[in-house]
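Visitor: Got a structure for you, written out below as structure tokens; questions coming shortly.
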Amino acid sequence: MKSLSILGSTGSIGLSTLDVVRQHPDRFTITGLAEGHDVTLLAEQIREFKPSIVSVRDEASANQLRELIGESGPEIRWGIEGAAVVGEADGSDMVVSAIVGAAGLVPTVRAIKAGKDIALANKETLVVAGQLVSELVREHKVQLLPVDSEHSAIFQSLSGHRTEDIERIILTASGGPFRKTPAEELKLVKPEQALKHPQWSMGAKITIDSATLMNKGLEVIEAHWLFNMPAEKIGVVVHPQSIIHSMVEYIDGCVMAQLGAPDMRAPIAYALSWPERCESGIKKLDLTQIGTLTFEEPDMKRFPALRLAFDALREGRTYPAVLNAANEIAVAAFLNNNIGFTDIPAIVDKTMQAHEALTPVDLDEYLAVDRWARETAAALTL
């Protein structure tokens with residue numbers, strides 16, 4: 001029996017994780033839950049999964065939750081500190097890190113320091129502080145297992161192979177809802193249009209990132225840290241059907257790929273049960289029904305966010321943290337109808353240009369850079 005704490009339990013990844021857990025009561029149990037937006041749903045999760053500790057956004061939400069579940073429920077914490085306490089709490093074997101954005105960094109780092117294995121859905125943890133997190137994973141001898149479908153695919157395709165035999169890794173991208181949209185029309189895109197992803201059901205922020213291709217850019221940086229690959233050995237190909245989740249090309253010319261229906265429960269189930277496998281509940285793949293798989297080069301002129309991410313990776317140091325923070329601010333401004341769709345990468349670019357890179361030595365320095373980038377980007381949205 002493996003005990004789990006889920007950071008981000010009411011979000012898309014959290015709900016999919018609990019669905020996998022629900023299918024395997026003999027394999028998984030829940031120790032802790034943390035959420036940020038839906039106290040009512042968290043109360044339902046508490047009644048079903050009976051965690052011993054939970055966390056919510058703030059003290060007001062904690063009081064609301066206590067009214068919903070009564071005094072006999074679990075210990076309740078709040079804020080980033082509360083999520084971190086859930087992540088490091090005794091009794092859990094693995095922490096599913098699924099808080100959206102850089103807010104997931106501190107709780108994930110605290111969980112690693114507490115010796116917890118990590119199922120990582122929060123790519124920003126590695127984008128912002130990849131060097132630090134990688135060192136902590138080695139120091140505390142924990143497993144860092146990818147939940148993103150692309151990185152799970154690479155992880156599976158690398159199984160049994162030597163790192164020195166890798167020619168390159170290839171991340172696939174759906175291309176988003178505007179894959180064929182002319183550049184001049186992208187300026188007119190509204191949030192409700194960008195939130196309609198052609199293949200995946202995800203939260204608002206990652207759906208916008210997928211539309212700009214920033215999500216793929218963040219995944220490029222995440223892949224660098226997960227698999228110790230330089231930028232020149234990481235490729236991106238647009239694959240609209242989202243059936244091949246990513247590939248590894250080897251020095252002998254052979255390519256290993258992982259295929260499956262576009263359903264996050266598959267990579268989640270693999271991360272939770274690794275090195276074994278368990279039923280995920282997804283629809284089985286029938287290639288005869290799909291018929292055709294197509295591939296294209298990404299258009300970095302129409303979607304400059306992907307180019308900016310590669311630039312940040314090549315520059316290194318604190319540039320990826322600035323890229324991520326500026327993007328979070330710009331996406332929020334777009335969702336609030338304060339800026340246009342094409343303003344998102346423009347604001348990221350301007351924020352990066354204003355940055356003088358540092359070499360952080362601890363988490364506080366990464367967080368200081370994150371704050372600077374948010375303030376700088378926010379000023380550009382006014």
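Glycine is no exception: its Cβ is also placed from the backbone N, Cα and C atoms.
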Visitor: Taking Swiss-Prot at its word that Asp148, Glu150 bind Mn(2+), choose the one of Glu71, Glu75, Glu81, Glu219 listed for that site.
Guide: Glu219
Visitor: Report the candidate from Ser92, Ser134, Ser174 that shares the 1-deoxy-D-xylulose 5-phosphate site with Lys123, Ser149, Glu150, His197, Ser210, Asn215, Lys216, Glu219, as recorded in Swiss-Prot.
Guide: Ser174
Visitor: Which of these, Gly176, Gly203, Gly217, does Swiss-Prot say binds NADPH at the same site as Thr10, Gly11, Ser12, Ile13, Gly36, Asn122, Glu124?
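Guide: Given Thr10, Gly11, Ser12, Ile13, Gly36, Asn122, Glu124 bind NADPH in Swiss-Prot, the matching entry from Gly176, Gly203, Gly217 is Gly203.
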Visitor: Check the Cα distances from Lys123 (1-deoxy-D-xylulose 5-phosphate binding site) to each of the binding-site residues Thr10, Gly11, Ile13, Asp148, Gly203 and keep only the ones within 10 Å.
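Guide: Near Lys123 (1-deoxy-D-xylulose 5-phosphate binding site) by Cα: Asp148.
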Visitor: Quick one: of Glu150, His197, Asn215, which binding-site residues lie within 10 angstroms of Asn122 (NADPH binding site), measuring between C-alpha atoms? Sequence order, please.
Guide: none
Visitor: Pop the Cα-Cα gap between Gly203 (NADPH binding site) and His197 (1-deoxy-D-xylulose 5-phosphate binding site) into the table, whole Å please.
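Guide: So the Cα of Gly203 (NADPH binding site) lies 10 Å away from that of His197 (1-deoxy-D-xylulose 5-phosphate binding site).
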Visitor: Round to the nearest Å and give the CA-to-CA distance linking Glu124 (NADPH binding site) with Glu150 (1-deoxy-D-xylulose 5-phosphate binding site).
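Guide: Between the Cα atoms of Glu124 (NADPH binding site) and Glu150 (1-deoxy-D-xylulose 5-phosphate binding site), the distance comes to 15 Å.
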Visitor: Including all protein chains displayed, how many Cβ atoms other than that of Glu124 (NADPH binding site) lie within 10 Å of its Cβ?
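Guide: For Glu124 (NADPH binding site), the count of other Cβ atoms within 10 Å is 26.
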